[in-house]
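Enquirer: Before anything else, here's the structure in question.
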């Protein structure tokens, strides 16, 4: 039941009574445990969740590919993640299903605790290597007794040398070595947002949550007694208000991942010749993660124009006036004054003449001097 209390470190709707908080706090004191040690005692290990792994077509020991890491959602088993305290494996993958990563996930504990979802399964986060796993990642759900195929479409954004030579104020982005963070060693935009949340936690509650503990600072790690403060200040912590927001410039060079998922029910009675599927069970979750193509798109950010280019363009325009004589200047003035005015006057006279020639006939009553009564006869009078 202790897992329900950890939602107080992440959500704003997890409120507990003082008696419940003191009960959990007494567990730490009686066992002489810190919050980080307490969480480590409750978590699963990767070998308990990863039943079988295959990479580049070879079945491998999952511990060679995955390491236990900290995320915004707690502890996770991470592949190719660069994080403090982990050995970065720098695994490379080619396109196609055979060159991707295949996993058989098995949840061995049948005594499910109270969940915040009506589904049982695993959460899959796909993101940049240097980013701290959080809600900024592309999140997918892997249900039990299913086989899922996750295809990745990669887009890389990089800058030319001309852009790199510009100051930050002109390119409106930063490179990873140009912006330092207090709680993270590598700068990417998601890390900056989370760094801002951690700073707000320390400012408002005097501590930060256990998953931000990387031994980079001496700030206190929040305990169960700090949950009411975290919940009450949740809008300010997650920067919903402008006064608690931080300056987080975009990164000039980054990778973006578009993930497309396909899910199918797991058929245990289907005969297969692939040894990867040997011994699968009813509640297993199988997932295949691979690049959809051998090539990927690279977007280059380049400099369209700078001061040198602008001056050269203006110089080309000014070169039209090189060798201009006084007579040419007089001709230009004469054209824009006398010639244009004379053409305008001639156009007005021509329009008046056309209106005169096409004027409508006039209708009038004839005058009769010998009769006092007005006659009901009219005539048409025209001009030659």
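Yeah, the Cβs are placed from backbone N, Cα and C, and that goes for glycine too.
If you look up Swiss-Prot, you'll see 1-319 marked as topological domain 'Extracellular'. The N-linked glycosylation site annotation in Swiss-Prot covers 32, 215 and rests on sequence analysis. What Swiss-Prot records for 320-340 is transmembrane segment, and it gives sequence analysis as the kind of evidence. Swiss-Prot lists 341-384 with the feature topological domain 'Cytoplasmic', giving sequence analysis as the kind of evidence.
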Enquirer: What is the separation, in Å, between the Cα atoms of residue 32 (N-linked glycosylation site) and residue 215 (N-linked glycosylation site)?
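Expert: On Cα coordinates alone, these residues lie 20 Å apart.
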Enquirer: Take the Cβ of residue 32 (N-linked glycosylation site) and count every other Cβ within 10 Å, whichever protein chain it belongs to.
Expert: 7
Enquirer: Over the topological domain 'Extracellular' (1-319), work out the mean pLDDT and round it to an integer.
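Expert: Averaged over the topological domain 'Extracellular' (1-319), the predicted model reaches a pLDDT of 86.
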Enquirer: Report the same-chain neighbours of residue 215 (N-linked glycosylation site): residues 6+ apart in sequence with Cβ closer than 8 Å to its Cβ, ordered by sequence.
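Expert: 84 - these are the non-local Cβ neighbours of residue 215 (N-linked glycosylation site), listed in sequence order.
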